[in-house]
Amino acid sequence: HVRQLYALVSETLRYSPVLEKLLAGAALLQAEKKLPPQLAKVLVYDLLFGKGLKCGGRWKALARRHRARLEAELARLKVQQKVSRNEDLLAPVQAASPGASQVPRYVRVNTLKTCVDDVIDFFKRQGYSYLGKAASVEELRALCGKKFLLDLHLPELLVFPPQTDFHDNLLYTSGHIILQDKASCLPAFLLDPAAGSHVIDACAAPGNKTSHLAAILKNKGQIFAFDVDTKRLATMNTMLMRAGVTGFQLAQQDFLTVDPGDPKYSKVTYILLDPSCSGSGNVRGSVCPTWSRLWARGPQVMAALPAGMVNRLPREEAAPSAERLQALAGFQRKVLSHALSFPALQRLVYSTCSLHREENEDVVQAVLQEWGSAFRLVNAFPSWPCRGLAAFPRAECCLRASPADTLTHGFFVAVLERCGEGAAAPSSLPAAAENPEHGEGTAPGAAPRKRKRKKQRVK
């Protein structure tokens, strides 16, 4: 499974300095001269820190032959460094760059299955210290150890130190929490569809935003989700079922081929559009730092991995050329204009994980000019610190995000609303830093309501 593979290689790289000491102390590479060093690290990590060598064949048998020596070396290392837990062997995260190592672990509470208070209690029982609601981005930046905060902007988002791993946590595997970057939570939060609404998620896979929409709708309404990839849709369906999402229809279809005049979509009043983009805002490189580091270390590292693994690793793209940016922007303008043609549409959120003006402000400006006075740009989230580039009048109504300023992936969000009769009430979405909680039928920024503990408790 690609996600398990990513987690294994990512954690192996994180523990690399520790694994090098264990390999040296146990003299494993001297005893097994045909064992590639990088593969040795993966095997030893899975043997001592992971799930106990799920791989098969001769490598599994080879690693198990040296288990006693490796475990003894691990115990000696812990005594030497005066620690009791494996993770305490790791050096503290360095604050040198504002990239991947500095982006916290964001955990969105899935309110379809539980509530924030119960999840906080669960983590406290697991030994984490809850520090309350953050007052600033600097508090998020200072997080370390087993401490966590409630985010200062988004009401159902918990924040943990960078590289905290919850992939094996019961709350994650049961769908009670979603591991989702804060910036990626903004589109659904700002779209804020009213319960009972019909919503389109135009480019939906892998489904985190779709599940977020369902939580905001409280599973009351209908979500139409489109993607062209069969396997991504199958994975998305599994994820949505695990998250307790109901009232959704998945379609393997290019959104540009969807007929806005189809009676099925006559009640669609909200659209979330997160189209294909350059991915230049992703702090983990075009794909992620693990793969970037592997490719950067050259063929000797890749050769150490099992053959079937290498073909499934996503390559990191170079910076997009001007021609590719123009091609992407052309597609983005086309799909945004198509989304605005749905007759009952009242509000649309356009978002990308790109840093390039060509895919962001320029796209929004071109489509607004094309539609004349039919739609307007909403001043989204006035308290958000990073605004759109001054590419056209009112471009500051758009949002940007970055690792340095907001401790998130790079991101862009614009909120468009229909003008004229029957349009959604004018709004500045939302003043959530001051009034962070919003319930059914209230716009973000309204007075908070006390949460009711009606969801199933997590134990």
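From the backbone N, Cα and C atoms, a Cβ is placed for every residue, glycine too.
Look at TrEMBL and you will find 60-87 tagged as coiled coil.
Annotation source TrEMBL lists domain 'SAM-dependent MTase RsmB/NOP-type' at 95-419. Per-residue pLDDT, averaged over the domain 'SAM-dependent MTase RsmB/NOP-type' (95-419), rounds to 88.
Marked as S-adenosyl-L-methionine binding site by TrEMBL: Cys203, Ala204, Ala205, Pro206, Gly207, Asn208, Lys209, Asp227, Asp254, Asp274. Asp254 (S-adenosyl-L-methionine binding site): 13 other CB atoms within 10 A of its CB, across all protein chains.
The active site, nucleophile annotation in TrEMBL covers Cys353.
Annotation comment: TrEMBL describes 425-459 as region 'Disordered'.
Residues or ranges marked as compositional bias 'Basic residues' by TrEMBL: 448-459.
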Long-range environment of the coiled coil (60-87) - Cβ separation under 8 angstroms, sequence gap at least 6: 18, 21-22, 25-28, 31-32, 35, 43-44, 47-49, 53
Protein Cβ atoms within 10 Å of Gly207 (S-adenosyl-L-methionine binding site), excluding its own: 27
Rounded Cα separation (Å) that holds between Asp254 (S-adenosyl-L-methionine binding site) and Cys353 (active site, nucleophile): 20
Lys209 (S-adenosyl-L-methionine binding site): tally of other CB atoms within 10 A of its CB: 25
Binding-site residues compared (Cys203, Ala205) - highest count of Cβ atoms within 10 Å: Ala205
C-alpha spacing of Cys353 (active site, nucleophile) relative to Lys209 (S-adenosyl-L-methionine binding site), in angstrom: 13
Cβ neighbours of Cys353 (active site, nucleophile) where a neighbour is any other Cβ within 10 Å: 21
